[in-house]
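Undergrad: Feature table excerpt (TrEMBL):
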- 41-63: transmembrane segment (TRANSMEM)
- 98-108: compositional bias 'Basic and acidic residues' (COMPBIAS)
- 132-324: domain 'Aminopeptidase N-like N-terminal' (DOMAIN)
- 359-578: domain 'Peptidase M1 membrane alanine aminopeptidase' (DOMAIN)
- His431, His435, Glu454: Zn(2+) binding site (BINDING)
- Glu432: active site, proton acceptor (ACT_SITE)
- 660-975: domain 'ERAP1-like C-terminal' (DOMAIN)
Amino acid sequence: MMEQLEEKCFLDESETILNKKAVYEPTKGQRFRQVVCTRGWAIATLMMTGTVLVGVALIAAFARPAMAPCEVSVAGDNSAALAASAAAGGAASSESSSSKHDKEKGGEEQTYVATNGEPFPWKELRLPKTLVPQAYDIFLHPNISRSEFSGQVEMILRVMEETDAIVFHVNELNISNVAVHMGKSNTTFSQALAIVKQLEYKTNQQFYVQLAERVSAGSFLKVVVKFSGELKRDVMDGFYQSSYTVNGEERYMASTQFEATDARKAFPCLDEPALKATFKLSIVREKKHISLFNMPLMTSEPYGESPNLILDKYNPSPKMSTYLVAFIVCDFKNVSALTRAGTLVRVFAPEDKIYMGKYALDAAVAVLENYTSFFGLPYDLPKADLIAIPNFEAGAMENWGLITYRDTAILYDPAISSQDSKKWVTQVVAHELAHQWFGNLVTMDWWDDLWLNEGFATFVEFLGMDVVDSSFQGQNSLSMESVSALYKDSLINSHPIKVPVKNPAEIASVFDSISYEKGAALIRMLESVLGKSSFRKGLKNYLTENAYGNAVTGDLWRAWQQVSTVKDLSVSEMMDTWTLQMGYPVVSVAWDSRTLHLSQERFIRLEKKDPEPEKEDFKSPFGCTYLTFKLHFLLAMWEQTGFFSLVPLPDGVDGDNVLWLKGNKDLNGFYRVNYDAKGWKKLTDQLKKDHTVFSVSDRIGLMEDAFCLAMAGHLNYSVVLGMVEYMSRETDYFVWKTVLPHLDFLSQRLLLEEEYDLLRDLALSVIRPRLEALGWSSAGDVTTRQLRKSVIQAAIDYEDQASIDRATDLFAEWKKNQNYSMNNELRYVAYQAGVTYGNKDDWDLVYDRYMDSNVASDKEHLQLALGTSRDVRVLQILLQYTQDSSKVKTQDSAQVVRKVARNRNGLLLAWRFLRQQWDLLMERYGVKSAIIRRMVLIVSNFNTKFDLDEVKEFFKDKELGSAARPLHQSVELIESHVVWSEKYMPEVKSWLQKNRRRR
Ligand code: BES
Ligand code: ZN
């Protein structure tokens, strides 16, 4: 399950309780509709004469103590589920203000002393509102061979309030000169202004210019700043360089990564997302290079004395945020195509890799064309470039018109890459293109609303993916994403979607699965409530109204409210309960002959004995963590009368004859559903008899809920393990992808117990039928091939000897002949088996091929396989290689360490390594580094109190920056593992004893 804590770019892993009482009473018409079920249910109804099916989709919304009537939803309708909180009144403020009590790096109170020892007058992290930028004209002269750059930026600022000070952002740049002119318009700046003081305050990455006179509101300033900086290697933010090899020759390129707060590392600027302006660029390059910018090239001319230098000048951009600016100097080649609307789309990569850009190019064209109609607005720039960056921290970055990608997220070689790789490329392309509208055209006002960008792009990426190839099954993929967010949001160390953030480390820390997957899940939930047509209409209005500007979450709700045709729905009241407090409910469902009993409580993975006081930051604005839910279309009356919602069953429905009842239809709602023993029994019987009456998303939901409810003590393991038995007939990839990590969770816990073998036998007993049906061929569509890979890998993980033999045979063939035509799905399986069951020579061979490989996805497979050795010596060597970027690129160092930590022979080595390297890593990558954020996750593999104490002790006094939350979540997971072993292990063991399988 650890993967589920992973950040977005590595997709692969007590509270006060307020009892609520309510009664739902449906009207006759509504009762009638309640039994009009989904197709699956209808069929089942016909088959089971004498039984009545009641399909109910519940949806939960957080609500304040004072309840009022709510909306209701029933399955089988397109709008599936409707949640409307009964809450009324003011939502929490969207503004996150800077505090006067910010902490300096070491945790000391901030002193606000500038680099020259003088007091720094501006004491806020946010810039003053006195000046607003209008236009930037940037000149840059990068010198790649000397790893440096110099430049000049001309900023046109509008004076909003009278002032004598200019504050802008700058980080790790040397500022050599500042000049300020004033003008009455933004084109003529006749009056030079004297500067009294220039101060830099590194902690807040700010520069302060004190003018000799005050400038009045309505006038304009032209601020010209000369600067220089280092073009760093091995860091992956600001303006930095990467190296790559073409035919054995090492080459260098320079590119940018600004989101969230690193534009200020490349040029002085007012680096906040709401401070939008136009950008012009002139950039010097060598003749052998090209340059790229958000906008098309205007002119190229010789530069200075050197015959080797060219100055490229670019068209000005539309109004946009600083974090979306990008420029690149490289010698890449491109492939290109035009969309129907005439937009030029190009994919750039090193010359020996450019053939692998064709797939992304076709995908990008298809997706762009589709989004134009989906968003109802054209793509706004004349061109869209997509480029593979050799060293890149995230998966990809949506810079407007110049989207940068990690090589594995854009390059696809049909002859070698796997279906997983094809899907990932499609998904990332679709995600970043969604941002061109959602994020770039309309941008969140501040980072506390990051989810607007990322949640929405995540929601849309699954639509875009299906445009390229519907066999990716975008909606089922999105269900998987929701499930991973449900998992993460069940931790006490989760956070509300909208979260106050101030400094760069806090901002970096919200790029996580709450902003992405929970955000996407909530948008899907709302779409199901509004209906597709209103959803799209509202979206278009939102984009049109806010184009080239900024928005807060409330603006989106308002846009949907205006087009909503759902009676009595207050979009913001409903959605605020989901976005302003963390967590979500588990809805318990039971029924007797006449009535449905529904109750709800917050679902928490690990109930603490002594609940910690709710974190101040995350206090629920609703004053409670209890929830209210509604049954869509079933609504008639709502009363607060008891602990439960009692819903009379429709006329003619006898509860005693209900075949089964399944809540949260198609996983459209962001909550879990629990049933009583009878309810689970009926569902299990149906799964075993014919699981296909449930949709794939419903099966994902059932299995995921069952496992997670058991993990948290809400359900007996005997129920869940009984349900697992049906998996021997499950043929769906997504359901397997849900269940396998849960079996893995059990095997991680039972690994050192005698009963491990029994668990293994259970796992293999359900895996084997799939294994036999799928074989080892490369036949089938995308998900069949993905499933084959997953079950073979699982069989090997559970030490199925026949599978191990077959995989090691494949490895042996490949060892003999590198060009051996291998089933691409099985490459990783073979490499891994070769390394795990091979010797040091095998490891060396895989290492050599890894170093030589030209295909990013295959290189990654080879690299990760290295971490699966059982030889601690090579694992230690591999850990050391992560600190040498000629062996493991910095972008990959965390994933390699994590791979070693997932290996039972490597966990302690990796933990020791992390501790040894901690100070160095922090110094090298800094407090907002994603590398560190990813590395700390390794501790979540621990199981025991001893390890828990050790982890706590080590991190006690450490400055964690953006790794704080991932660490706290990992610690919570270890705690949950300790509790699990105490509380639930005996039950699992005894079930396994009683239900032994044949091997
Ligand atoms: N805006 C992000 C890139 C980013 C992430 C910038 C973290 C700064 C910090 C981009 O749109 C993104 O979300 N990329 C994903 C890929 C996507 C398919 C989810 C990523 O990098 O993993
Ligand atoms: Zn994104």
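Yeah, the Cβs are placed from backbone N, Cα and C, and that goes for glycine too.
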Undergrad: Same chain, not part of His431, His435, Glu454: whose C-beta falls within 8 angstroms of the C-beta centre of the Zn(2+) site? Give them in sequence order.
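TA: Near the Zn(2+) site, the remaining chain residues are Glu398, Glu432, Ala434, Phe438, Gly439, Asn453, Phe456, Ala457, Thr458, Val460, Glu461, Tyr516.
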Undergrad: Tell me the Cα distance separating Glu432 (active site, proton acceptor) from Glu454 (Zn(2+) binding site), rounded to the nearest angstrom.
TA: 10
Undergrad: Is it possible to get the count of other C-beta atoms within 10 angstroms of the C-beta of His435 (Zn(2+) binding site)?
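TA: So the Cβ neighbour count for His435 (Zn(2+) binding site) comes to 24.
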Undergrad: Can you give me the same-chain residues 6 or more apart in sequence from the residue listed as 'active site, proton acceptor' with a CB-CB distance under 8 Å?
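TA: Set apart from the residue listed as 'active site, proton acceptor' by at least 6 residues yet with Cβ under 8 Å, we have Leu386, Ala396, Met397, Glu398, Ile403, Tyr405, Ala457.
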Undergrad: Let me know the DSSP-derived helix, strand or coil state of His435 (Zn(2+) binding site), please.
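TA: Where His435 (Zn(2+) binding site) sits, the three-state DSSP reduction gives helix.
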Undergrad: Which residues, sitting 6 or more apart from His431 (Zn(2+) binding site) on the same chain, put a CB under 8 Å from its CB?
TA: Ala396, Glu398, Ala457, Thr458, Val460, Glu461, Gly464
